[in-house]
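Trainee: From Swiss-Prot, for reference:
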type	residues	note
TRANSIT	1-42	transit peptide
TOPO_DOM	43-88	topological domain 'Mitochondrial matrix'
TRANSMEM	89-109	transmembrane segment
TOPO_DOM	110-113	topological domain 'Mitochondrial intermembrane'
TRANSMEM	114-134	transmembrane segment
TOPO_DOM	135-144	topological domain 'Mitochondrial matrix'
TRANSMEM	145-165	transmembrane segment
TOPO_DOM	166-192	topological domain 'Mitochondrial intermembrane'
Amino acid sequence: MLLFPGLKPVLNASTVIVNPVRAVFPGLVLSTKRSFYSINRLNAENKINDIANTSKEASSSVQMFKPPEFSQFKDSYQKDYERIAKYTLIPLTMVPFYASFTGGVINPLLDASLSSIFLIYLQYGFTSCIIDYIPKEKYPRWHKLALYCLYGGSMLSLYGIYELETKNNGFVDLVKKLWNENDDHLYIFGRN
């Protein structure tokens, strides 16, 4: 139970967290419209003759309001797939830690699935960043270019995972070798 000085007690803290102004002043009604009183007054003094025409047009606050555009990321399956990839990574990262502590060798199929699901998770995360910060409605060419670059980088990374799994011992073994102090035995893509 939260108490505000001089006001009634608030039983539910979620109202304070969600909207602290309404929690402190429950009877206060705040308007979210911008006030153009001084600007409209100047315009009204300058355009006295156009009073009949302005009633037919929409007011300035209605003209300025634009409903939010539909987002590609909202209500799509991409969020669900990203969540599935995120929760799949939890057990897949625990198994290599267990294998490294016990001295065992990790299965190559498990190593390939760990690295490819990690790549899928990163690709979904970067796709959502592109959708949020380079909107298709505002920057159509840059949005498409960013997505093509992301897909190209993902395909190149998938080829790198294939090379790592077939020519080396895999992603987990590479990380294990990178954490070792002696790097004489480190072999990455044809370099000694």
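The backbone N, Cα and C atoms fix where each Cβ goes, and this holds for glycine too.
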Trainee: Calculate the per-residue pLDDT averaged over the topological domain 'Mitochondrial matrix' (43-88) and state the result as an integer.
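Mentor: Mean per-residue confidence for the topological domain 'Mitochondrial matrix' (43-88): 64 out of 100.
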Trainee: Quick check on the topological domain 'Mitochondrial intermembrane' (110-113): DSSP residue counts for helix, strand, coil, in that order please.
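Mentor: Across the topological domain 'Mitochondrial intermembrane' (110-113), the residues distribute as 4 helix, 0 strand, 0 coil.
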Trainee: Across the topological domain 'Mitochondrial matrix' (135-144), what are the DSSP residue counts per state (helix, strand, coil)?
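Mentor: Tallying H, G and I as helix, E and B as strand, the rest coil: 5 helix, 0 strand, 5 coil.
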Trainee: Please indicate, using numbers and ranges, the residues of the same chain that are 6 or more beyond the topological domain 'Mitochondrial intermembrane' (110-113) and have a C-beta under 8 Å from a C-beta there.
Mentor: 92, 95-96, 161, 165, 170-173
